[in-house]
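Trainee: The domain 'G-protein coupled receptors family 1 profile' annotation in TrEMBL covers 22-294. Residues or ranges marked as transmembrane segment by TrEMBL: 6-32, 44-68, 94-114, 126-149, 169-195, 243-263.
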Amino acid sequence: MSIWELLLAFVVVVLMLVALLANVLVLMCFLYSADIRKQVPGLFILNLTFCNLLMAVSSMPLTLAGIIYKSQPGGDQVCHAVGFLETFLTTNSMLSMAALSIDRWIAVVFPLSYHSKMRYRDAALILSYTWLHSASFPIVAASLSWVGFHHLYASCTLYNKRPEDRTQFVIFTGVFHALSFLLSLVVLCFTYLKVLKVARFHCKRIDVITMQTLVLLVDIHPSVRERCLEEQRRRRQRATKKISTFIGTFILCFAPYVITRLVELSSVVHINSHWGIISKCLAYSKAVSDPFVYSLLRHQYKKTWKDIINKILKRSSINSSALAGEPHNRNLAQLNE
């Protein structure tokens with residue numbers, strides 16, 4: 001193995017371990033907190049978490065083996081199953097992010113009617129659509145034998161080995177990425193930009209009230225006035241940073257891989273195998289960033305984790321004190337004898 005291949009193998013191992021740990025943490029928070037389970041977005045986050053976990057235990061290990069051995073890991077049936085699952089999980093993850101953006105859009109733009117427009121039943125219908133949508137493309141690909149080991153990405157994925165099917169495969173690949181990546185990106189941009197517009201409008205209203213208050217409070221201390229103005233700046237930047245993170249991570253992780261898959265269809269451009277694996281690793285990195293972007297960095301999940309840690313520490317301290325008390329009790333019993 002070359003130094004590049006060793007480095008890429010190390011990156012895949014790190015991505016796999018961090019994705020497993022982070023998504024398991026999200027799952028533990030969901031199971032522990034009743035408040036998180038009651039929220040409708042929790043269903044979308046749970047679906048996204050399961051997709052990321054399955055990706056970490058199915059596709060990533062086979063990609064690691066493909067990098068190390070430079071050949072198809074396992075038999076054809078295993079590779080076809082993993083390729084089918086990888087296509088399904090990637091599409092499902094993209095659509096789950098789009099569903100989360102729709103939920104935030106309804107919550108911010110239509111706050112008074114949110115509970116009537118986004119109920120558990122509505123969320124279940126959206127998830128049913130994402131599953132049907134995500135399953136349709138790998139089913140078609142598997143029926144046409146367009147799933148296999150692709151050396152460019154060192155992974156089991158969509159792959160056409162028959163030159164006579166090239167035109168049909170090009171059309172299929174273009175439609176697949178248009179209705180998965182491009183559709184999700186359009187939904188993300190539309191919904192989050194609407195959310196940003198509303199957030200900026202509310203910030204302006206709060207800023208006007210704050211400035212009027214500062215003008216009326218003539219005797220206010222300069223440090224207090226400065227803190228108020230600093231909080232204004234932070235409030236204006238907070239929504240922009242969050243929405244930029246949502247859209248930016250989606251584009252950064254998926255766009256290089258999707259563009260590479262589309263460019264690959266052209267026989268004119270030669271793609272380096274190292275870049276193919278790097279673009280695949282970027283797509284895998286979405287399974288690492290999702291738990292932090294959508295869950296673990298939020299206040300409710302932080303609070304849940306503090307509760308879990310405190311409960312574990314309290315239980316361990318009780319057990320340790322009980323174990324420390326056993327020799328003392330044993331000595332008392334011996335003295336009484």
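Cβ atoms are placed via backbone N, Cα and C, with glycine included.
Computed from a predicted structure; not experimentally measured.
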Trainee: Should the transmembrane segment (44-68) and the transmembrane segment (169-195) be scored as in contact, given a threshold of at least 3 Cβ pairs under 8 Å and pairs 6 or more apart?
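Mentor: No, the stretches stay apart by this measure.
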Trainee: Hey, which of 6-32, 94-114, 243-263 has the most Cβ-Cβ pairs under 8 Å against the transmembrane segment (169-195)?
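Mentor: The stretch I would name here is 94-114.
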Trainee: In the same chain, which residue numbers or ranges, 6 or more beyond the ends of the transmembrane segment (243-263), come under 8 angstroms Cβ to Cβ?
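Mentor: 94, 97, 101, 158, 173-174, 177, 181, 184-185, 188-189, 192-193, 195-196, 269, 271, 275-276, 278-280, 282-283, 285-286, 289, 293.
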